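Visitor: Take this structure first; my questions come after.
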């Protein structure tokens, strides 16, 4: 039974933005899927985009589908936490649903590149926890890209070239995980999330809780 005064409910916390980045083929997408499937209190960030909706996609679940004029207005009105132009289509993270989730203690998972991470950090540094996923070797990364059988050899060469540039930003991240084995990598990433959830500064009612404990001890 909880004693009178500030109880366990006062240990509520603010949510966090949990960012995973990696070169293509290093395991970021798989790890994101496993986190969403296995970890309570974590939801995937939903991006706004100007690209055309594909069959089977649902507005608000897969993306927020908007036209170019609306997207431009969102950027001008600071409604996006981060955004980028990719092959003439714009993608960005709406600020309002993320901030609403954080306010009630829900964590939001981001599967974005170093540029998006940089923008998030500039706008909300205290809420961002970033993890960069590394492959164990260049040979292993290339093998994974070929195993996916999604791209031509030319596209794979391009991805390998971009990977070198992406790796140059590893020091901008809070944590580094080398994905030798997907289960081990998941365990490490999950451990990071669990530890970050327990940080003192995210426990919004902790001061009141401790003061109440002190009063109880002094009676």
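Any Cβ shown, glycine's included, is placed from N, Cα and C.
Not my notes, these are from Swiss-Prot:
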{"type": "BINDING", "residues": "22, 23, 24, 25, 26, 27, 28, 29", "note": "ATP binding site"}
{"type": "DOMAIN", "residues": "15-194", "note": "domain 'Guanylate kinase-like'"}
Visitor: Of 22, 24, 29, which of the binding-site residues has the most Cβ neighbours inside 10 Å?
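Guide: Comparing the binding-site residues 22, 24, 29, the most crowded Cβ belongs to 22.
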Visitor: Near residue 26 (ATP binding site), which residues of its own chain have a C-beta under 8 A away, given they sit six or more steps off in sequence?
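Guide: Once residues fewer than 6 apart are set aside, residue 26 (ATP binding site) is near 133, 134, 135, 141, 144, 163, 179.
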Visitor: Can you list the residues of the same chain, besides 22, 23, 24, 25, 26, 27, 28, 29, whose Cβ falls within 8 Å of the ATP site's Cβ centroid?
Guide: 133, 135, 179
Visitor: Please work out the mean pLDDT for the residues of the domain 'Guanylate kinase-like' (15-194).
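Guide: 94, rounded to a whole number.
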Visitor: Going by DSSP, is residue 28 (ATP binding site) sitting in a helix, a strand, or coil?
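Guide: DSSP call for residue 28 (ATP binding site): helix.
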Visitor: Run through the Cβ atoms and count how many others sit within 10 Å of the one on residue 27 (ATP binding site).
Guide: 25
Visitor: Just counting, how many other CB atoms are there within 10 A of the CB of residue 25 (ATP binding site)?
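Guide: I count 24 other Cβ atoms within 10 Å of it.
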